[in-house]
Amino acid sequence: MELKRTSKMMQSKLVYPPLPEHPTVWEKFKLKMEGLIQVNETHPNTIEYFKSEISILREKKRHCKNFKFTIHPLSKFNEFYEVWCFFFYALLLIFKAFDFGFIRISIDDPFAAYAEFIIVSIILDVLSLINICLQFLIGYTVPENRTIELSLKQIMLKYLSSGHFYCDLFSSIPRVIGWDCNVYIYLTLLTSNLLKLNRIRTFITLIKPTAMFFGIRSSTNIFLLGFFCIVTLIMHIMTCFQVGIARYRIAITSKASVASYYLIKLPLEEQYIITFFRSTEYIFLIDIPNLISGLEPEEVLLEFVSYIVGKILFATVWIITLYTFMTKRVLRVRFEEIITELGEYIKAKQLPDCLKTRLLKYYTYKYQNVFFNEQLMVSILSNTLKKEIDVFLCKSLLKQQKIFATVPAKTIVQVMSYLVPQIYLPNDLVIQSGTVGDCMYFIGSGTVAVISPSGKELCHLIDGDFFGEAALIIKEQKRFTNIIAIEASKIYMLHKTHFEKLFEKTDKVYTIFLETAKRRLEETRAAEVEYKKKFFDQAHKKD
């Protein structure tokens, strides 16, 4: 009981503000809301700024005591808010550009045409104003010194000085309020829509947290998703500019190019489709001969800009394609470099072809055509992680070993930590008869042949089998068979000192090893006697 009470006390200290013993419904709701705007342990970036639960607790206390009305940038609320902003800014950028290019407000009745678009525009403007208010309440991270700024004064200064505030504010003024104003006021409100394009950079920075929120964690996939979003957005904006730029000349002079005049008479969807393909022609340089004829100067300038954008897009596509290809092949390329270096080493040492082939097979089997610096990766791991990796790698091996069925879990973990992996190629000699043995072996994968001293093949051992135990258990017993690898095999070695440390003579496992060793020794001696007798009889018959 005392233990349970202590654990509850510790748990309550890590939650701030602490939950009362008998909270009311209102207190529970209040604490839930406070928890949403505080730093959250599950936020993807929390680990970069807070390395322990105690540091997170200190941050929660600092937040509650000094900045009650600030939303923490690493909170659960802000995690959801960033995802909302990604889709909200995407919708704003698409709609504001579309409004700039295609939506025309009647002087007599602003809702006479495109009423649904105008209503949606007003709703988005209202949401934008609410979003501006939220921007004044959300703290921000300072990556340079790994700190969190929660002061409302500093948040306000940063927002006002960044320029985002003015662009957000002026682009959120509903254009419909200038429906019967002076033409220059109308054009000013029209142009203010484009201030929302200032949020393109914010939209791009939100791609990664949004992708991670939906479980997309591969850097390559996030990169490709971001590129797709950016290209789609650029194509849409350039399409809207094709019509939007012409509106200035029409509004001021009441004149337009022939193409623009007939275009605005078409239905809205046809206008967009035609303009999209025309913009695509300019961006991807499909229709150069007709680029200048019949266009006004500002339209020619726009097409020139479209051409430059197209060239940048082409270059970007090639760079991304190369980046994606090389990212997937980088480990294989490093492996090929190692093989090339190995070839130069073989030439320098003038090694024979047979040894060259064996070396190449060894590296190919060990790294499976991709190179990784195993020594470096293991060196930076903690001992706990190293043991966990060893346990995982050897788990399938020990599952195949029925002999360990009765061994305690603690001993199993120790066995796995002592096993040393080794790779043997076809025809490699693993054990030689007549030698003194100081280790035994477990086959992880592959096949080995058991051959008697006189050369008779006795049997094959496969995945999950073990051998070499006799030299460790039977006193003064040397190796009594030759073990040769038939195929590339991964074999785990257990040293005699570790074996004696793990298994006592009274253990059931030790008894099984002893019985197996004696049985194999007797079978080998019997097979050896039979083989020699058979060989002698054949030789005697010839005489």
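Every residue, even glycine, has its Cβ placed from backbone N, Cα and C.
As recorded in TrEMBL, the features of this protein are as follows:
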DOMAIN    403-520  domain 'Cyclic nucleotide-binding'
TRANSMEM  83-105  transmembrane segment
TRANSMEM  111-138  transmembrane segment
TRANSMEM  222-245  transmembrane segment
TRANSMEM  304-325  transmembrane segment
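As a summary of secondary structure, the domain 'Cyclic nucleotide-binding' (403-520) carries 36 helix, 37 strand, 45 coil according to DSSP. Here the transmembrane segment (222-245) sits against the transmembrane segment (304-325); at least 3 CB pairs are under 8 Å, leaving out pairs fewer than 6 apart in sequence. Residues 220, 223-224, 227, 231, 234, 238, 279, 282-285 of the same chain sit 6 or more residues outside the transmembrane segment (304-325) yet have a Cβ under 8 Å from a Cβ within it. When pLDDT is averaged over the domain 'Cyclic nucleotide-binding' (403-520), the result is 86.
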